[in-house]
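Per TrEMBL, the features are:
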type     : residues : note
DOMAIN   : 13-184   : domain 'Ketopantoate reductase N-terminal'
DOMAIN   : 216-345  : domain 'Ketopantoate reductase C-terminal'
TRANSMEM : 12-29    : transmembrane segment
Amino acid sequence: MASSAEGGRLSRIYVLGAGAVGLLFAGHLRNAGYPITLLLRSSAAVERFEQQGGKIGIVNDWIRAHPSRQRLLRAGEEIPCCSIDDVQAETPTEKDTIINQLIITTKAQHVQQAYSQVQSRLNPNSAVLMLQNGMGTLEAIQRKFYTHSQNQPAFIIGTNAHGCLRHSNEEFATHHTAMSSCKIALHIPSAPQSAMEMLTALAALPLNVSVVNWSDLQPQMLLKLAANAVINPATALAGCRNGLMLQPEVPSVREFVASACLEIAAIYARAHPHLHSELSAAAIEEYVLNIVHVTAQNKSSMLQDVAAARPTESDWINGYLVRLGQQHGVPTPINTSLYALMKLRESAF
């Protein structure tokens, strides 16, 4: 485990965004011995968290589909909730102490507003891990909050493929529905000690976290973006779980997937020509279908947002691809249609 420079004590890690992903990482980090503080949106949420004992719950539903673990379950047996104690909570603006290590797991559309609440508590010796769907959030933060690069904290970018969701009646518990992996990379080559400690802490978690070079993370982020651009709006508009996209009796869905992947590959070929072999239409389609298979029982984040009448991440997913296509002169009829339909769906809230 990583330790801080002061007396060998473990550094406190703050988590901004106590949704399914934030609770998953916060719970595992606390289980590994790290002091954890959840940054919750309101004093009322902090009070509710403290009233239920300052605990995070993790239900490992992925065991049901795991080839070896599922044999340990009896038919119809419930997966017990793992309760992780001694977690602290506060609002982002409640204190003014410096945050040395921060994980941001808010939805992409809320990142800038959330970041504005903690910016004053960060400095160049801080490390900030960003775990969002879509792309463009880091650039948006840099444009809005930093005119000089030397004032920025060390940003770590991650792409998370674990399936998880939070039930509406379980505010501080997450269901880990699909065991997959997470890749993280420093956005700059040099970084403060806090960033190295955070990388060490995350790599030791039982979440298949890999620390990679920035150049190796980029194709993974683009593949994840493609998967989100295909799966999320399709399932949100159809109101179905991810696995329905694999049904052989609906061949038109597979045709849609193939066409969407072809369009995304054309965008990437112009925008990132050096990654052409890694981001071919065939490679993108294989990745998308694998994600569909692994997360077959999942409800996509867009579907969950639509069901809760919340804004979606479409601006940072299909909207991002549309803007990238326009920038490089590539037609994007599929992503333009999906983006327009999602914005129309949101307007009905």
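Keep in mind that glycine also has a Cβ here, set from the backbone N, Cα and C atoms.
Per-class residue totals from DSSP over the domain 'Ketopantoate reductase C-terminal' (216-345), listed helix then strand then coil: 99 helix, 0 strand, 31 coil.
In the predicted model, the domain 'Ketopantoate reductase C-terminal' (216-345) shows an average pLDDT of 95.
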